[in-house]
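Residues or ranges marked as (6S)-NADPHX binding site in TrEMBL: 57-61, 129-135, TYR140, ASP158, ALA261, GLY325, HIS377, ASP442. According to TrEMBL, the feature K(+) binding site maps to ASN58, ASP125, SER161. As annotated by TrEMBL, AMP binding site applies to LYS412, GLY413, SER414, HIS415, THR416, GLY441. Annotated domain 'YjeF N-terminal' per TrEMBL: 9-216, in sequence order. Residues or ranges marked as domain 'YjeF C-terminal' in TrEMBL: 226-501.
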Amino acid sequence: MKILTAAQTREADAYTIQEEGISSAELMERAAKAFTGWFENKFQPGGEVHIFCGPGNNGGDGLAVARLLHERNYNVQPYLVGDISKASDDFETNLERLPQDLQTIHVEQEAAIPNLIGKGSCVIDALFGTGLNRPVTGLYAKVLEALNSSGVTVTSIDIPSGLYTDSQTPEDGAIVRAQYTVSFELPKLAFLLPQHEPFVGEWHVVSIGLSQQFISEVNTNYFCTKQEDVQRLLKLRKKFSHKGLYGHALLLCGGYGKMGAAVLAARACLRSGVGLLTVQVPQAGYPILQTAVPEAMTLTDRNRKHLSELPQDIQKYDVIGTGPGIGTERVTKTAIGQLLATSSHPTVIDADAINLIAASDKLKAQLYKKKLIFTPHPKEFERLVGKVKNDYDRLQHLREFCMEYGCYVVLKGSHTAVGTPEGKVYFNTTGNSGMATGGTGDVLTGIITALVGQQYTLEEACLLGVYVHGLAADLAFPSLGDIAMTASDVIDHLPKAFLHLTQLMP
Ligand SMILES: NC(=O)C1=CN([C@@H]2O[C@H](COP(=O)(O)OP(=O)(O)OC[C@H]3O[C@@H](n4cnc5c(N)ncnc54)[C@H](OP(=O)(O)O)[C@@H]3O)[C@@H](O)[C@H]2O)[C@@H](O)CC1
Ligand SMILES: [K+]
């Protein structure tokens, strides 16, 4: 699914209006109906619904929603905020369409801002949408601050007022803190960035029938991965198939005190369909691996505690995964250096392998144009690219790093972002806070390694791997919740996650 900028969204609106021969007010009516449908499912009629409308089409949406909710017996109070003498045409149209018995209140100065504290009412925020073109200050900021401190439940139409759609919001601008955001047709880039969680809350997308042709043709660097996207990628197994068809993976993982990382990566790799798996661990890990993961073949390093060498017959493997639990000893750095210098295998690079590379210009110089997938969390990513200023800056660095080295980066987070060598970014939409626990990253390394082994392209392996990893956690959630969830629970739910995807296939 594509993510459009504010300007592209405006173009999509205009294109749709022309293509279908409808008026912009009709499109607004669709948007208001779609929002109202969501709202009715969430909130019962009864309490007061205060709707704050700005001077543009977002305010027009708010007025149309006021009329529709009023018709459905909600106790609605619309407010017109600020100078509405230059309000948009569709705002005016919807103001005129309000029924006689629905009186608006005009908030023209601070003293007129209603006090909603303790009223238990709910608020619909329709002050500004994608047409916001400067930081929110003055009276509008006072209104947003009053809403933020009132403790009422705020639902934003399209985007929280004050938040920029696709670039960093200046620090001097007020932003509403919505509990819910109901957006039209496609999610906005701002929703996917962790720094905006306090403003966006739980976001939903409702369809308003924007032109699919426009959306399919428009160029963007940002995408959201949805279930139908990964289902298209999934390869079903053939009846006459054997383990040789699904790849032989090599995991170079584990170290003294961190052999669990190798066990987790190995178990996840096997649960993700790899044909054969060999794990090389330091000598101390041999009995652990053989006992915990009987399906894997185990090689031992000459070093007792740390990764220090590559297997002799490394050529025979189809894919390599490394990093989890390996530590940053000098001998390990040498081994990773050898791997980068000598191997042409597709390789998944995680954790301490990233840290070793980040700390060495010599290793970094070996990264160009290899088949590499990095899977850093934000701190490891900063070690690779330097300190970032904010989430947009991080995205920019992600794209530049991937384009410079011709590699993939799976930047882990609530919406894990997969960067590609073409400078595209795919945000994942599965997963939950139960995954914020040690070992889930090792699991992801195992999953992606297994998928590359099964001949998925690097891009497919990243997108599918990240999706199924989050889906497994989502399927674990109903019985385990997020507090008690562990990385092993995520592995245990991988079978259900793959089944879920395959059974839904057409
Ligand atoms: N197009 C369509 O058909 C559909 C559009 N839809 C809806 O329209 C929304 C976009 O509407 P929009 O483009 O009218 O912009 P919107 O966000 O309401 O704000 C613009 C107004 O705010 C003003 N203004 C801006 N910044 C300001 C500031 N900081 N402080 C103060 N004022 C500021 C600006 O004034 P000006 O810059 O001229 O001073 C202008 O008056 C979109 O999010 C969706 O909800 C849906 O109904 C689907 C169909
Ligand atoms: K809004």
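The backbone N, Cα and C atoms fix where each Cβ goes, and this holds for glycine too.
Curation plays no part in TrEMBL annotations; they are all automatic predictions.
Note that the coordinates shown come from a computational prediction; the quantities given were computed from them, not determined experimentally.
Taking every protein chain shown into account, ASN58, THR130, ASN133, SER161, SER414 are the binding-site residues, and of these the Cβ with the most other Cβ atoms within 10 Å belongs to SER161. A Cα-Cα distance of 14 Å separates TYR140 ((6S)-NADPHX binding site) from ASN58 (K(+) binding site). Proximity to ligand 1 at the level of Cβ atoms, with a cut-off under 6 angstroms, picks out ASN57, ASN58 from the binding-site residues ASN57, ASN58, GLY325, LYS412, HIS415, GLY441. Of all the binding-site residues given, namely THR130, ASN133, HIS415, those whose Cα is no farther than the 10 Å limit from the Cα of ASN58 (K(+) binding site) are THR130. Annotation for the binding-site residues GLY413, GLY441: lowest Cβ count within 10 Å of the residue's own Cβ, GLY413. The shortest Cα-Cα distance from GLY325 ((6S)-NADPHX binding site) to any of the binding-site residues (SER161, SER414, HIS415, GLY441) is found for GLY441. Mean pLDDT of the predicted structure over the domain 'YjeF C-terminal' (226-501): 97. With a CB cut-off of under 6 A applied against ligand 2, none of the binding-site residues ASN133, LYS412, SER414, GLY441 are retained.
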